[in-house]
Amino acid sequence: MPIITLPNGDQKSFDHPVSVMEVAQSIGPGLAKNTVAGRVNDRLVDACDLITEDSTLQIITPKDEEGLEIIRHSCAHLVGHAVKQLFPEAKMVIGPVIEEGFYYDIWMPRPFTLDDMAAIEERMKKLIDQDYDVIKKMTPRDEVIKVFTDRGEEYKLRLVEDMPEEKAMGLYYHQEYVDMCRGPHVPNTKFLKSFKLTKISGAYWRGDAKNEQLQRIYGTAWADKKQLAAYIKRIEEAEKRDHRKIGKALDLFHMQEEAPGMVFWHANGWTIYQVLEQYMRKVQQDNGYQEIKTPQIVDFTLWEKSGHAANYVENMFTTHSESRNYAVKPMNCPCHVQVFNQGLKSYRDLPIRLAEFGSCHRNEPSGSLHGIMRVRGFTQDDAHIFCTKEQIGKEVADFIKLTLDVYKDFGFEEVQMKLSTRPEKRVGDDALWDLAEKSLADALDAAGLEWELQPGEGAFYGPKIEFSLKDCLGRVWQCGTIQCDFNLPVRLDASYVTEENERDQPVMLHRAILGSFERFIGILIEHYAGFMPPWLSPVQACVMNITDSQAEASEQVVAKLKENGLRAISDLRNEKIGFKIRERTLERIPYLLVLGDREVEEGTVNVRTRSGKNLGTMSVDAFIDLVKSAVAERGRYIVE
């Protein structure tokens, strides 16, 4: 009979097969009350599942990450229960867990409304209050088919067809409602009280726009009401920081239907874009990169040689001219290999670092487009390093240091790094993978920061490191990457002459720091809520007069600021100074300069910040020095 070993090393013996819940009850009623599921021999199981042999057991509660995931998954089933009670004609599809929540895809003869969502949420609360047990039944395949046939759940039947090897499946019963899942799920609805439905959107069966359209109901769920309230507060703050709203309020950019996924940059937004580009250009020049420019449209044969045509054609914009097929480039790498291939290269020439602010276009699904965060036309701070196998380690180490320095300049101190290693299907021999993976791991260790290993998550052509930023709301944004490529140099005939006077393929390192300018600017807007550090602010100073008699002096101050490289404007409107200050504060301009008769007479300016702090009266030269110091500190400088 089973001996159960607990995480602290304690053991419990039973003279009969025992469920996870029974083990929890034997430890104490408090633990049993909070038992969501169990981890038996490192495998998640339901609380009702029996343990028949000697095993290790961890009791899973809502405090555990796995417990929270199970709660969210069970909430998705609860959505199904409520929907079927309110809308019997609905057909249930799938309801997975996503980051911080869940969703359920549903077929309905009409779109759900916000009133429908409110009704579904209310019904879910009533079902939770019934405090019913969720019953699991392992069911033979034929019986599963009969259950869903009798209920008219055609999508569930299609999912069963996708699993021909499964002889029995888990059916989870929420009273009269039944759903199919591998589980585990909560044993009782009492664990589901801290939830909220968040939005409705469209989806497609199997994610394919050619298939029938579905409705997707999103929700979030947490271990307790306090966590839920904190999440809702964070989401409300995120909505206030939505880059689309701020972009409109600050006149940065707009999107329109005639050019879906393409950005119309306004003067203010384009200023931020140019500051980023000029900054990255200098960073790359200072670190040994050669800036190049390659064509936007390239003959389709190059994409066939590179392999993109076979694997990426659905995301490529194509065109035809004079009996030739072309593609608008979705990425820059094949073009950079063409530049490398011009002229014979020696091992003495390596590494060669080619950088481009590459304008790319990808035919992303219209439903996935999101402001400037997810677009069809974008510019990458793209570069490719061509090096020998022995140079991988140093190049990666240098890139990691450079990337972390750049992120600090933008005010991001928390950076997550992940190393993705060889998948089962791959090109290149194991010795090359061993060398590349060790080089990347050693470079990460040398950086002195924590990093995460993702076994098997690398691309088929090489391992990679991903860099993710954490913003002020705790959200994580994957931005930078460095990717070893053993494949493209071979496909596109890139080679160099070795020290032994033989030909060999270089290793190609794909790398980007910001990712795309558009998305990175969107991240900055939301991180700073539009209150950009002075070096990124489209307008750094606004000079305002109190009466018309100071207008000429105000323009002279603006001219001097511009002569010294500051981005400055004047506000000479015949309005009260308080009104002008309030209006320019809403525009998030870092410094507001006021000139009255006294300032004109003394040749000074009165300076206040956008937060309302009065910095007092100072000379124009002193103010210029102040701004230049702030700009030099970049994202490390906070305007009080």
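Every residue gets a Cβ built from N, Cα and C, even glycine.
Feature annotations, reproduced from Swiss-Prot:
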BINDING   CYS333, HIS384, HIS510  Zn(2+) binding site
DOMAIN    1-61  domain 'TGS'
REGION    242-533  region 'Catalytic'
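Counting other Cβ atoms within 10 Å of each Cβ, the binding-site residues HIS384, HIS510 show the lowest value at HIS510. Within 8 Å of the centroid of the Cβ atoms of CYS333, HIS384, HIS510, where the record puts Zn(2+), the same chain has further Cβ atoms from MET331, ASN332, HIS336, VAL337, ASP382, ALA383, GLN483, ASP485, LEU488, MET508, LEU509, ARG511. Its own atom aside, the Cβ of CYS333 (Zn(2+) binding site) has 20 Cβ atoms within 10 angstroms in the protein chains shown. For the domain 'TGS' (1-61), the number of residues in each DSSP class (helix H, G, I; strand E, B; coil) is 13 helix, 24 strand, 24 coil. Reduced to three states, the DSSP call for CYS333 (Zn(2+) binding site) is helix.
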